[in-house]
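In what follows, a single structure is set out as C-alpha cells and then discussed.
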Amino acid sequence: DGLKQCLAEFGKQLAWVERLDVTLGPVVDPVAQSASSTDAVDPENDFQREMSFYRQAQAAVLEALPRLRKLQVPTRRPDDYFAEMAKSDQQMQKIRQKLKSKQEAMERSEKAKQLRAMRKYGKKVQTEILQRRQKEKKNMLNAVKKYQKGLSDKLDFLDDEQTSSQGNKKGSASQRTKKGPNAKRRYKNQKFGFGGKKKGSKWNTKESFNDVSSFQSKVAHNKGPGKARKGGKKALN
C-alpha cells in the first residue's frame, strides 16, 4: 500500500515550475561537433566520465534558463542577498577558538623543536671543542715525554702553544687599543705624565749640583717679601 501511495504521488500532474526537472542528453561537443553518447564514454576513464557529467549539466542549463526567464523566475542572486548560516554564531566562534588554539599549539611545538635543535647543536660544538683540547693536551704531553726520554730534540710544541695563547690574547688586546684610554686615564696622564723611570729620578747629578741658576739669596736668608707675613719665619717655612 505504501508503494502504491508513493507511485500515486509521483504521478501527480504538476506544472514544470513546481518540478524543475530536466532530462536531456549531453550537449554537442564544440570540438568533435557531435553529441558524445553514453556508450562511447569509458567508465574507467575519470576525465571522460566527468566531462560527460559536465556536458549533460550544461545541456540542462541551456534548456532550463530560457524557460525560467519566460516564466519570470529570477535566476541571479541579488547583490544585497544574505544567506542564513547553517551554524549559529556561537558554534562558529567555538570553531574559531579551536582553530586558534590549535595554531598556537603548533607554533609552541615548532619553537620548542627549534630550541632543542639549538641546544643539541651547542652541545655538539662544546663536545668538539673539549675533544680538540684533550687531543692537543695529549699530543703535547707525549711530545714532552719524548723530549725528556731523549727520543726527540724538537721543541716545536712549545712554540705552537705560545702562538695559540698569543693569538687568543691578541683579540682582547686589539680591542683595548682600538678603544683607547678612557677619560680618567687621559686626565691622569696629563697631570702626572706617562710613567717612566721613578726610582732615583730626584737624585742630584754633577750638572744639577753645579747649576745654581735657580738660587735666590733673599728667599734663602729670609729677606724676601715673605718676611712681612703673619707668623714670620714659621709662616715662611
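Along the chain as shown, residues are numbered 1 onward.
From the backbone N, Cα and C atoms, a Cβ is placed for every residue, glycine too.
The compositional bias 'Basic and acidic residues' annotation in TrEMBL covers 101-113.
Feature annotation from TrEMBL assigns compositional bias 'Basic residues' to 114-123 (among others).
Residues annotated as compositional bias 'Polar residues' in TrEMBL: 163-175 (among others).
According to TrEMBL, the compositional bias 'Basic residues' annotation covers 176-189 (among others).
What TrEMBL lists as compositional bias 'Polar residues' is 210-219 (among others). In terms of DSSP secondary structure, the compositional bias 'Polar residues' (210-219) contains 4 helix, 0 strand, 6 coil.
Per TrEMBL, compositional bias 'Basic residues' is recorded for 220-237 (among others).
Note on the region 'Disordered' (96-125): DSSP counts are 30 helix, 0 strand, 0 coil. Residues annotated as region 'Disordered' in TrEMBL: 96-125 (among others).
Feature annotation from TrEMBL assigns region 'Disordered' to 156-237 (among others).
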